[in-house]
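Some notes on the structure that comes next.
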Amino acid sequence: MPFVNKQFNYKDPVNGVDIAYIKIPNAGQMQPVKAFKIHNKIWVIPERDTFTNPEEGDLNPPPEAKQVPVSYYDSTYLSTDNEKDNYLKGVTKLFERIYSTDLGRMLLTSIVRGIPFWGGSTIDTELKVIDTNCINVIQPDGSYRSEELNLVIIGPSADIIQFECKSFGHEVLNLTRNGYGSTQYIRFSPDFTFGFEESLEVDTNPLLGAGKFATDPAVTLAHELIHAGHRLYGIAINPNRVFKVNTNAYYEMSGLEVSFEELRTFGGHDAKFIDSLQENEFRLYYYNKFKDIASTLNKAKSIVGTTASLQYMKNVFKEKYLLSEDTSGKFSVDKLKFDKLYKMLTEIYTEDNFVKFFKVLNRKTYLNFDKAVFKINIVPKVNYTIYDGFNLRNTNLAANFNGQNTEINNMNFTKLKNFTGLFEFYKLLCVRGIITSKTKSLDKGYNKALNDLCIKVNNWDLFFSPSEDNFTNDLNKGEEITSDTNIEAAEENISLDLIQQYYLTFNFDNEPENISIENLSSDIIGQLELMPNIERFPNGKKYELDKYTMFHYLRAQEFEHGKSRIALTNSVNEALLNPSRVYTFFSSDYVKKVNKATEAAMFLGWVEQLVYDFTDETSEVSTTDKIADITIIIPYIGPALNIGNMLYKDDFVGALIFSGAVILLEFIPEIAIPVLGTFALVSYIANKVLTVQTIDNALSKRNEKWDEVYKYIVTNWLAKVNTQIDLIRKKMKEALENQAEATKAIINYQYNQYTEEEKNNINFNIDDLSSKLNESINKAMININKFLNQCSVSYLMNSMIPYGVKRLEDFDASLKDALLKYIYDNRGTLIGQVDRLKDKVNNTLSTDIPFQLSKYVDNQRLLSTFTEYIKNIINTSILNLRYESNHLIDLSRYASKINIGSKVNFDPIDKNQIQLFNLESSKIEVILKNAIVYNSMYENFSTSFWIRIPKYFNSISLNNEYTIINCMENNSGWKVSLNYGEIIWTLQDTQEIKQRVVFKYSQMINISDYINRWIFVTITNNRLNNSKIYINGRLIDQKPISNLGNIHASNNIMFKLDGCRDTHRYIWIKYFNLFDKELNEKEIKDLYDNQSNSGILKDFWGDYLQYDKPYYMLNLYDPNKYVDVNNVGIRGYMYLKGPRGSVMTTNIYLNSSLYRGTKFIIKKYASGNKDNIVRNNDRVYINVVVKNKEYRLATNASQAGVEKILSALEIPDVGNLSQVVVMKSKNDQGITNKCKMNLQDNNGNDIGFIGFHQFNNIAKLVASNWYNRQIERSSRTLGCSWEFIPVDDGWGERPL
């Protein structure tokens, strides 16, 4: 069903219903205007806006243009009936295009439902419409009636391309910011759109970016509609809350204050400029405003000015604000419902998300100040359709967004030139002491007698330099921790899957009816919306500099197109002082070839060679082994843009290696992270439960602190670093285009020197030449983008994250001392729990929380670069064993030869997991290239691998050290060996002096993190310092090795159990790496986190969790209990039973019994999963095995209370009961593989995570939404954390 009620024509006769003359608030003496009601609560006025604000009624250009990138004035636009008809049809077409998407249908329904709150009465027990939320509709008989509305679309005011969303009045009440909301009008035109450079954004397809692209006007309208949604629901951010920029330096953009409201509406990583502390402030503020509205509704006893009933209007606002209502009719704000509504309005509804649904190309940042404007006509279907926009299917415009390409689809786009009232806001950059005569640097109209070389630089081409005032920093504030301290749920990244979940649960019914409003005054008057005061900056400010800047280098590459000959030069100075010279950063050979005059007979060969050389020059890349996370360098970026502090040596690569990515930054960001605020722990005398809960809350709040600091750093990185990188990206595109233009001009000049007869013999096409040069530029931009992205991520990971981690580690150390003292002080209350809690505190606070960029941004370009950054660490390895293409191979650049014995076993599910037995034929031999055989007393090296060591079952294993990885020759080298409860690293020099570093673990423990479980081992060796062993990213032991002399290792690495007395012994190993450097702690943690494969769920041992495989269950809150079934059927239940009991052998092991209780089997929900592996967010069924028969885990969601008791039902009997489970991974440093199971109803609504609840001292399994609210509590404090335990030979227990 379409959104627009019917097809309207401007000349259709008025009927007083959906076509009428209307008067809007604050219109004064205006004549009524013809308007069209395209949908309930939404009108369109195809007129220029000369009446909403008396001060904006003049359509002529103002005497002083606005401080914006571009303005456009044309007083004749939208003055004829044909233009108005086209406007009306264009607007309605865009509404249909928006409504055709799931996201657009949700947004428009929210707008229609967003009736401004009736807070117009001075009596607090009375509801009354606010008059400025109404219009007066002229009836055919000349009378009028008043009608409430939500939105008006109206033509632009004087500046045709200033699209904006505003309120009609009563802004003195702050309606758009107090939860009430107010009627909105949007100044908009479907007849104009803006350009942007695309190839700056796409990294993989050189066919894209052949020129400038045009924004789909549906995206522009959607952006303004999102503003309208914010303002209708009263959650718009105060316009005075802005993102400020510095303005003092020559390179800094002036006069720009981007409102937080605009950043939030755009979404994407721009929204991350608003740091989490400020965002939390906004969320809490509006939560309280919604509570005020609920309170007002509860007080209301009457309604005036309408025939609608009080109860009807209360229901309208209940639907709008998603209020809860109890049996007495009292309204309240449910925090979960509020969070969902607020998230939808502010994070789901964004321009960035609409781009994904429209499947169009778009600017990647709100800070896109492109000055290109195009006239368009979207009404004809041959130009633009509801489903495709400009990129018409079944035409050449469908591929590569060609429909938006203003050069390919040039019939649809008329670029506006010679703007009336175009205002150029600029800075004047002057270099002292250069005497100028006739130079290109002095723009027309400037004094030619200046002794300084000066250039004009448009303000919007300068660096976006954010002020420190933008970043709130409350991280140093202390906090009191109690047993009921609120733990914030983790924010879920916005994905298409999440939006689809919102869509599936969105209520599209109950659209509010038109209600009768008593006639208001014929001229509705309210206070006009106040606009923020924007500080004005002087135009043309002059800066005297001592050296050329990036902008001088770019100006030196420009030239005036004319009939005179130009020539390339490698001298910036010459190019700036001589209008006929153009600076190039290409080689001197290229300069000689392009500047050389050519005879007609040689012309085509000359052109072909120049195109080839141009491609060769732009394709130039360098590589270095000295920077692990930057794999390619574009050496000409330095001389192209004057970047790098070693350029006087023409060595940009050297400068990068010497200084790192910081050389790209014009201003170095400062991140002021203070000493983090401490926790004050509240004591509870003689209350064990509350004391334990306080400790748990402190650990959970510690996790929040890490998250806050990471968010804060990412916000600073995006705003301060990535914006600079993006400007360099843009300027490099301009620089390459300048080179292409100069090359074309020289070739064209040469062609025009020939006689007509000579030209006739030359088959030359300037457009074909342009196409070839553009293709070379676009291919070059792929490498440039890759390099710049790597530099940006490198700066984040090497200069910013470590600084934050150091602050956090100091905080952890302080908290650890406080918690251990708290446990000691309350030891009398914590009887039986002291040791467990101390271990928990020590383990939690000894482990850093790995940084994952995907938690904080959803920009795929940056995320893929971050992933590549992790992989680059592996790429520094000189041996990297992986199973690929049915072979075990070395993925390092050395490709070592590998010999595999006949008794080596590869796991069928993950063939990287290799099983070695205690057999002569069970071995792997790696033959190293001579270049990487270790033979040194100074060079550092590291190794890493994952290992699973089965339990030691008998005394034969005591005091039996055996080697598993051996690189020794002539009693010199290194090896890895095992002993009962030990992993041992040995280094031995040629004089047989050795050093050992050992990790020890116990087999006398109930539930071990190490017995038969995958462990990540890293050993680093700094020859002038220590050898260190890390387990799961944590430093365990270190010993000095500076006393060792030369170590000459073998050229063979042997993986084999050597010297083991137990003939039944075996091990599992995977992901072996050898590095020719000392890995630092950050690299170890990054490598560990990446190889943990957190997107795949793991079982108790660390293997991949599988479908159709039986598992025993371990609840991490109460690990001494197991799951049992009371009875099958809807009246039966499952529960935790205990204790587990023990399995033991004297002096060898003493452990809890793991194979106890009911077995669970995970079944596929849909057939889309091609393998048998369970992944994060998989939707599954859970079967329960009772007496060798499978039953389905399910619940009746209509049960009273939050906790829904789970039952084991006959599978055919499940019917409409809730049975779908969403699997969630919770990877705790790769040791404990926690899983959470979120039960949903048949509509996809969350019932809650599966845990347990005490009913009459029986711990019954339930699905509870309480867990969903507390999900970020520390791992062992919630009953919804589970581990799946399969039977495994390495554990040695006989299943019951």
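Just so you know, glycine gets a Cβ as well, placed from its N, Cα and C.
Feature list (source: Swiss-Prot):
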ACT_SITE  Glu224  active site
DISULFID  Cys1235-Cys1280  disulfide bond
REGION    449-872  region 'Translocation domain (TD)'
REGION    492-545  region 'Belt'
REGION    873-1092  region 'N-terminus of receptor binding domain (N-RBD)'
REGION    1093-1296  region 'C-terminus of receptor binding domain (C-RBD)'
TRANSMEM  627-647  transmembrane segment
TRANSMEM  656-676  transmembrane segment
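When Cβ-Cβ distances below 8 Å are used as the criterion, the transmembrane segment (656-676) is approached by residues 249, 251-252, 463, 465, 468, 473, 475-476, 550, 624, 626-627, 630, 633, 643-646, 705, 709, 712-713, 716-717, 720-721, 724-725, 728, 788, 791-792, 794-795, 798-800, 803-804, 807-808, 810-811 of the same chain, each at least six residues removed from its ends. Taking the C-alpha positions, the distance from Cys1280 (disulfide bond) to Glu224 (active site) comes to 42 Å. Here the CA atom of Glu224 (active site) lies 42 Å from the CA atom of Cys1235 (disulfide bond). Note on the region 'Belt' (492-545): mean pLDDT across this stretch is 75. The Cβ of Glu224 (active site) has Phe163, Glu164, Cys165, Ile186, Phe188 as same-chain neighbours under 8 Å, each 6 or more residues away in sequence.
The secondary structure of the residue listed as 'active site', as reduced to three states from DSSP, is helical. Mapped onto three states, the DSSP output places Cys1235 (disulfide bond) in strand.
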